[in-house]
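Trainee: Quick one: this structure, given as structure tokens, is what I'll be asking you about.
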Amino acid sequence: MLNGYLRNQCYEETIELFELMGASDWGFDSYSCNFVLRACMELEDYERGTEVIKRAVDHRVDGDKFLGSSMINFFMKFGDFDSARRVFNQMISRDVVCWNSMIGGYVKGCYYVAAFDLFLEMILCGVRPSAITLVSLVQACGGMRDLELGKRVHGLVLVFGLGTDVLVHTALIDMYSKLGEHERARSVFDIMPAKTLVSWNVIISGYVQNCLVYEAFDLFQKLVLTGGGFDSGTIISLLQSCAQVADLDSGKVLHGYIFRKGLDINVILCTALVDLYSKCGALKEATFVFDRMKNRNVITWTAMLVGLAQNGHAEDAIRLFGKMQEEGVTANSTTLVSLVHCCAHLGSLKKGRSVHARLLRYGYAFDVVNRTALIDMYAKCGNINYAERVFEDVSLFKDVISWNSMITGYGMHGQGHKALDLYCRMLEEGLKPNKTTFVSLLSACSHSGLVDQGRSLFLSMESDHNIRANEKHYACYVDLLSRAGHIKEAEVLIKQMPFQSSREVFEALLNGCRMHKNIDIGIKAADYLLSLDATNPGIYIMLSNIYAEARRWDAVDHIRGLMRGRGLKKTPGYSLIEVGKQLHAFFAGEDSHPNSVEIDRILENLKSELEALGYVPDTSCVLRDVDEAMKIKSLWRHSERLAIAFGLLHTPAGSLIRISKNLRVCGDCHTVTKYISKVVKREIIVRDANRFHHFVDGKCSCNDYW
């Protein structure tokens, strides 16, 4: 009866019947205890399970090897390794099943050394290992990422005559795949006398893990040709492979198969489809699959949310999170850290702090990856002090990535000296800098004009830390020199690079040429960039701006004519401001906002006050061949001025105003914002495409260097 209840998943009834047996004259034996213990494991009820074990010991029925193995499995399931070992040690007679339970439990709990020690003890006791024993040891080698030990265990497989066992072979394929030895995995697969679907799935999954996408599909075709069937596990691996290489067409073929076979009710399969379409940039298709799903778990919601975020739809991702909450789905760590990145992208400090609170509530904020994301978010939302507070929390572990994130934050805010001081602290605490550390440091020096310090760091990378400079380091160094006006030195450096110049390097040079009006080198840099990518509108715009600042209007018209002929459009400038719980976007020249009349009135009043203080418009920032009045009018319709005016309308007097802008702030807007901060007696923080500007009482944190 107990066994019948257990088979039919009536776990509570199994336990109730056992209690009834104990209270009656029937009594119970080791088999009864075994059945009810398995029911407790299914219900994850540790207290009642331990009570069953106690009663088994009291009634002296715990000596049975079968029940002993169940007791070990029970304790192992709940991570109580000490109790499991006590049960094991007290067993008078132990067969291979008992040893396997103990060894397998250690492996599942990642106690790999203990598993091998027990295996040696097992051999010394004269117990011959079974296929299950070797499977556990192979899994341990994969978990330890120890290839040499894995080879030795493979040798033991042959020594004990288990070279034809399907389970052992499958475990070996999985181990070799996880250790990057796909050729060894394939050789084991090829010599298998009998292949199961699980074996095929493991080898296909192994190819996907090792980024051998086309080989995975080739193997799938061979599976089909053998006449063997395949299951959702096979399809999931293939979908993951399509996502790796953004193979949308193959993904759609698999989607068609899923639909025809009626597998579109499978949550895992549909989640894999959402992930595939998102990684291919096909958000319409991802949303279609997501919306049709009747059962969605937290992984599904997270896949959709991450897809939106990674494809530049941060606001939609945040709205989707709201729907997720409405449906009562509890977010996991991945969900929340994705939201942190969305808030960083949008510069939404209020939403970012709200997500931080959730991370704390769920206990995820102490994870080093999540904490690093929080540092990045606070820095990108303009609150470097909050970023420091998260970083300096002494109760939390700091790795090199955390240090890099804080150094990057200082760099974005123009605090190059703080970035260098933090680097010195990092070395004093014994942490080794990596390539990213020097990218962050060189970038920080670039934004602060610390040319000599940047040169010293660039030279120390290889001499002191054995780190060879890559394209990113050279791009940062060229940017540092170019911003400071050392255009010729930057050009010489590019020619001396030990590898072919990258796009980022020449973009940094071109930007420096624009800033310092060096037309000759700017044209050469633009020509090289256009030879790499003739469809990048940003290059045309940069070159056009160089000509415009030199008043070469004929050249400007020529460049813009090329853009029109090739169907290229300039990225429109916009600024974001968060008021209350809503983000408001303003585009340059916009007059369609519901508050346009009030915004215009505030700007007109500000214009009068600023001119009274001595402000004179710098119309050289208007890179169009129009009259002076039109240039001045154009300046006052720049997106950040509209956003600041909106902030003055809808936020309390004296409160801080935060603006995020997608393009570099122009010189006149920079000057105007300094004046506005003094007139309205407010701090204004502007994040542009390059860095942060903190405007207070007529001054900017960048010291006019950006």
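Glycine residues also receive a Cβ, built from the backbone N, Cα and C atoms like all the rest.
Take a look at what TrEMBL says about it:
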type   : residues : note
REPEAT : 95-129   : repeat 'PPR'
REPEAT : 165-199  : repeat 'PPR'
REPEAT : 266-296  : repeat 'PPR'
REPEAT : 297-331  : repeat 'PPR'
REPEAT : 399-433  : repeat 'PPR'
DOMAIN : 614-706  : domain 'DYW'
Trainee: Report, as numbers and ranges, which residues of the same chain sit near the repeat 'PPR' (399-433): CB under 8 Å and 6 or more residues beyond its ends.
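Mentor: That would be 368-369, 371-372, 375-376, 378-380, 384, 387-388, 391, 440-441, 443-450, 453, 465, 467, 687, 691-692, 694, 701-703, 705-706.
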Trainee: Give, as a single whole number between 0 and 100, the mean pLDDT over the domain 'DYW' (614-706).
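Mentor: Per the prediction, mean pLDDT sits at 91 for the domain 'DYW' (614-706).
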Trainee: Quick one: DSSP breakdown of the repeat 'PPR' (399-433) into helix, strand and coil?
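Mentor: The repeat 'PPR' (399-433) comes out at 26 helix, 0 strand, 9 coil.
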